[in-house]
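Trainee: This is the feature table in TrEMBL:
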type: BINDING; residues: Lys10, Thr11, Ile12, Leu13, Arg14, Arg134, Leu135, Gly136, Gln137, Gly138, Ala139, Gly140, Ala141, Tyr142; note: ATP binding site
type: BINDING; residues: Glu59; note: substrate binding site
Amino acid sequence: MVHATLSSAKTILRAEMRALRKTLAERSPDAAERAAEHLSLERLPAFAVVAGYHAHGSEMVPAAVLDRLAATGAAVALPVAVSREAPLIFRAADSRDIYLPDAFGVPSPPPGAPQLHPDLIIAPLVAFDRRGMRLGQGAGAYDRTIEAARAVKPVFVIGLAYAGQEVARVPCEPHDMHLDAILTENGYIEVRKDPS
(Lines of atoms letter the chains of each structure in order from A; the text may use other names.)
(Lines give C-alpha, C1' and ligand atoms only; values in the text may rest on other atoms or scores of the structure.)
Protein backbone atom coordinates (compact mmCIF):
# COMPACT_ATOMS: atom_id res chain seq x y z
CA MET A 1 0.00 0.00 0.00
CA VAL A 2 2.85 2.41 0.82
CA HIS A 3 4.46 1.72 -2.56
CA ALA A 4 1.16 2.46 -4.35
CA THR A 5 0.75 5.71 -2.40
CA LEU A 6 4.33 6.82 -3.20
CA SER A 7 3.88 5.85 -6.82
CA SER A 8 0.66 7.89 -7.00
CA ALA A 9 2.33 10.87 -5.34
CA LYS A 10 5.18 10.69 -7.85
CA THR A 11 2.78 10.46 -10.80
CA ILE A 12 0.80 13.50 -9.65
CA LEU A 13 3.93 15.55 -8.89
CA ARG A 14 5.51 14.52 -12.19
CA ALA A 15 2.50 15.79 -14.17
CA GLU A 16 2.40 19.10 -12.27
CA MET A 17 6.14 19.67 -12.58
CA ARG A 18 6.30 18.81 -16.29
CA ALA A 19 3.70 21.51 -16.95
CA LEU A 20 5.60 23.96 -14.75
CA ARG A 21 8.94 23.09 -16.40
CA LYS A 22 7.45 23.87 -19.81
CA THR A 23 6.42 27.31 -18.56
CA LEU A 24 9.82 27.90 -16.94
CA ALA A 25 11.60 26.97 -20.18
CA GLU A 26 9.45 29.40 -22.17
CA ARG A 27 10.02 32.23 -19.66
CA SER A 28 13.79 31.72 -19.31
CA PRO A 29 15.34 30.80 -22.66
CA ASP A 30 18.80 31.77 -21.37
CA ALA A 31 18.57 29.72 -18.15
CA ALA A 32 21.07 27.06 -19.28
CA GLU A 33 23.74 29.65 -20.04
CA ARG A 34 23.10 31.32 -16.68
CA ALA A 35 23.36 27.96 -14.93
CA ALA A 36 26.72 27.29 -16.60
CA GLU A 37 28.02 30.57 -15.16
CA HIS A 38 27.27 29.27 -11.64
CA LEU A 39 29.29 26.08 -12.13
CA SER A 40 32.32 26.41 -9.87
CA LEU A 41 34.89 23.90 -11.09
CA GLU A 42 36.82 24.18 -7.81
CA ARG A 43 33.87 22.62 -5.96
CA LEU A 44 33.86 19.50 -8.12
CA PRO A 45 35.88 16.32 -7.56
CA ALA A 46 38.49 15.45 -10.19
CA PHE A 47 36.94 14.19 -13.43
CA ALA A 48 38.21 13.00 -16.80
CA VAL A 49 34.88 11.97 -18.35
CA VAL A 50 31.64 13.93 -18.02
CA ALA A 51 28.28 12.58 -19.15
CA GLY A 52 25.50 14.84 -20.29
CA TYR A 53 22.20 14.12 -21.99
CA HIS A 54 20.20 15.00 -25.07
CA ALA A 55 17.45 17.31 -23.78
CA HIS A 56 13.93 16.06 -24.38
CA GLY A 57 10.90 18.34 -24.36
CA SER A 58 11.38 21.17 -21.87
CA GLU A 59 14.43 19.69 -20.09
CA MET A 60 17.17 22.25 -19.62
CA VAL A 61 19.64 21.92 -22.50
CA PRO A 62 23.04 20.99 -21.01
CA ALA A 63 25.23 22.24 -23.90
CA ALA A 64 26.62 25.31 -22.10
CA VAL A 65 27.43 23.27 -18.97
CA LEU A 66 29.05 20.51 -21.02
CA ASP A 67 31.08 23.06 -23.01
CA ARG A 68 32.37 24.53 -19.76
CA LEU A 69 33.34 21.09 -18.44
CA ALA A 70 34.86 20.00 -21.78
CA ALA A 71 37.06 23.13 -21.74
CA THR A 72 38.96 21.49 -18.85
CA GLY A 73 40.02 18.70 -21.23
CA ALA A 74 37.38 16.22 -20.09
CA ALA A 75 35.86 13.82 -22.58
CA VAL A 76 32.11 14.25 -23.07
CA ALA A 77 29.76 11.27 -23.28
CA LEU A 78 26.04 10.94 -23.89
CA PRO A 79 23.71 8.21 -22.64
CA VAL A 80 22.46 5.31 -24.69
CA ALA A 81 19.56 3.14 -23.55
CA VAL A 82 20.27 -0.33 -24.94
CA SER A 83 17.03 -1.54 -23.35
CA ARG A 84 14.29 0.09 -21.30
CA GLU A 85 15.19 -1.97 -18.20
CA ALA A 86 19.01 -1.86 -18.18
CA PRO A 87 21.24 0.93 -16.86
CA LEU A 88 22.21 3.47 -19.49
CA ILE A 89 25.65 3.19 -21.05
CA PHE A 90 27.64 6.22 -22.13
CA ARG A 91 29.34 6.69 -25.50
CA ALA A 92 31.70 9.43 -26.63
CA ALA A 93 29.86 12.44 -28.03
CA ASP A 94 31.04 13.60 -31.43
CA SER A 95 29.12 16.25 -33.37
CA ARG A 96 30.22 14.59 -36.63
CA ASP A 97 28.32 11.39 -35.77
CA ILE A 98 24.79 10.69 -36.89
CA TYR A 99 22.85 10.08 -33.70
CA LEU A 100 20.40 7.21 -33.64
CA PRO A 101 17.30 6.68 -31.49
CA ASP A 102 17.94 4.46 -28.47
CA ALA A 103 15.44 2.21 -26.65
CA PHE A 104 13.61 5.32 -25.37
CA GLY A 105 13.72 7.02 -28.79
CA VAL A 106 16.30 9.58 -27.66
CA PRO A 107 19.01 10.53 -30.19
CA SER A 108 22.22 8.84 -29.01
CA PRO A 109 25.77 8.23 -30.20
CA PRO A 110 26.05 5.29 -32.63
CA PRO A 111 27.19 1.79 -31.60
CA GLY A 112 30.67 2.43 -33.01
CA ALA A 113 31.34 5.36 -30.66
CA PRO A 114 33.67 4.42 -27.79
CA GLN A 115 31.96 3.49 -24.53
CA LEU A 116 33.11 5.73 -21.67
CA HIS A 117 32.69 5.53 -17.89
CA PRO A 118 31.91 8.97 -16.45
CA ASP A 119 33.29 10.44 -13.25
CA LEU A 120 30.70 13.22 -13.40
CA ILE A 121 27.10 12.89 -14.61
CA ILE A 122 24.85 15.82 -15.48
CA ALA A 123 21.33 14.45 -15.02
CA PRO A 124 18.00 15.79 -16.24
CA LEU A 125 15.06 15.85 -13.87
CA VAL A 126 11.43 16.80 -13.41
CA ALA A 127 11.73 17.98 -9.78
CA PHE A 128 14.35 18.11 -7.01
CA ASP A 129 14.64 18.90 -3.33
CA ARG A 130 17.47 20.19 -1.13
CA ARG A 131 18.17 16.66 0.13
CA GLY A 132 19.38 15.83 -3.36
CA MET A 133 16.44 13.67 -4.28
CA ARG A 134 15.31 13.89 -7.89
CA LEU A 135 12.12 13.00 -9.64
CA GLY A 136 12.82 11.74 -13.14
CA GLN A 137 10.63 10.74 -16.05
CA GLY A 138 9.41 7.63 -14.25
CA ALA A 139 11.23 4.81 -16.03
CA GLY A 140 14.02 4.53 -13.44
CA ALA A 141 16.78 4.73 -16.06
CA TYR A 142 18.92 7.26 -14.18
CA ASP A 143 18.41 5.56 -10.82
CA ARG A 144 19.64 2.24 -12.29
CA THR A 145 22.49 4.01 -14.07
CA ILE A 146 23.71 5.98 -11.05
CA GLU A 147 23.52 2.90 -8.83
CA ALA A 148 25.50 0.80 -11.33
CA ALA A 149 28.11 3.53 -11.89
CA ARG A 150 28.62 4.13 -8.15
CA ALA A 151 29.06 0.38 -7.60
CA VAL A 152 32.22 0.59 -9.74
CA LYS A 153 33.74 3.92 -8.64
CA PRO A 154 32.80 7.24 -7.05
CA VAL A 155 30.61 9.19 -9.47
CA PHE A 156 29.50 12.76 -8.77
CA VAL A 157 25.99 13.52 -10.03
CA ILE A 158 24.66 17.03 -10.67
CA GLY A 159 21.00 17.59 -11.44
CA LEU A 160 20.48 20.34 -14.02
CA ALA A 161 17.20 22.17 -13.53
CA TYR A 162 15.29 25.40 -13.50
CA ALA A 163 15.18 26.87 -9.99
CA GLY A 164 11.39 26.65 -10.11
CA GLN A 165 11.60 22.85 -10.26
CA GLU A 166 12.53 22.76 -6.57
CA VAL A 167 9.93 21.24 -4.27
CA ALA A 168 9.88 20.89 -0.49
CA ARG A 169 10.23 17.11 -0.61
CA VAL A 170 10.41 14.67 -3.51
CA PRO A 171 8.56 11.45 -2.65
CA CYS A 172 11.23 8.77 -2.70
CA GLU A 173 11.60 5.03 -2.52
CA PRO A 174 14.64 2.91 -1.56
CA HIS A 175 15.76 2.55 -5.19
CA ASP A 176 15.83 6.32 -5.80
CA MET A 177 19.39 7.62 -6.08
CA HIS A 178 20.43 10.98 -4.63
CA LEU A 179 22.22 13.81 -6.37
CA ASP A 180 25.45 15.32 -5.07
CA ALA A 181 24.51 18.82 -6.23
CA ILE A 182 21.94 20.73 -8.23
CA LEU A 183 22.75 23.44 -10.76
CA THR A 184 20.12 26.03 -11.68
CA GLU A 185 20.08 29.44 -13.33
CA ASN A 186 20.11 30.90 -9.80
CA GLY A 187 23.11 29.01 -8.44
CA TYR A 188 24.86 25.84 -7.39
CA ILE A 189 23.25 23.90 -4.54
CA GLU A 190 25.44 21.57 -2.50
CA VAL A 191 23.62 18.59 -1.06
CA ARG A 192 24.10 17.24 2.44
CA LYS A 193 25.91 13.91 2.42
CA ASP A 194 23.06 12.24 4.33
CA PRO A 195 20.00 12.62 2.05
CA SER A 196 17.49 11.23 4.59
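Glycine is treated like the rest: Cβ placed from N, Cα and C.
So where do these features actually land, and what's packed around them?
Mentor: Within the same chain, the residues at least 6 positions away from Gln137 (ATP binding site) whose Cβ sits under 8 Å from its Cβ are Arg14, Val126, listed in sequence order.
There are 20 other CB atoms within 10 A of the CB of Glu59 (substrate binding site), with all protein chains counted.
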Trainee: For a quick check of understanding: given the listed ATP-binding residues Lys10, Thr11, Ile12, Leu13, Arg14, Arg134, Leu135, Gly136, Gln137, Gly138, Ala139, Gly140, Ala141, Tyr142, what is the maximum Cα-Cα distance in angstrom, as an integer?
Mentor: 20
Trainee: Using DSSP with the three-state reduction, classify Arg14 (ATP binding site) as helix, strand or coil.
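Mentor: DSSP assigns Arg14 (ATP binding site) to helix.
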Trainee: Here the binding-site residues are Lys10, Arg14; which one has the lowest number of other Cβ atoms no more than 10 Å from its Cβ?
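Mentor: Among the binding-site residues Lys10, Arg14, the lowest count of other Cβ atoms within 10 Å belongs to Arg14.
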Trainee: Hey, how far is Lys10 (ATP binding site) from Glu59 (substrate binding site), Cα to Cα, in Å?
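Mentor: Approximately 18 Å lies between the Cα of Lys10 (ATP binding site) and that of Glu59 (substrate binding site).
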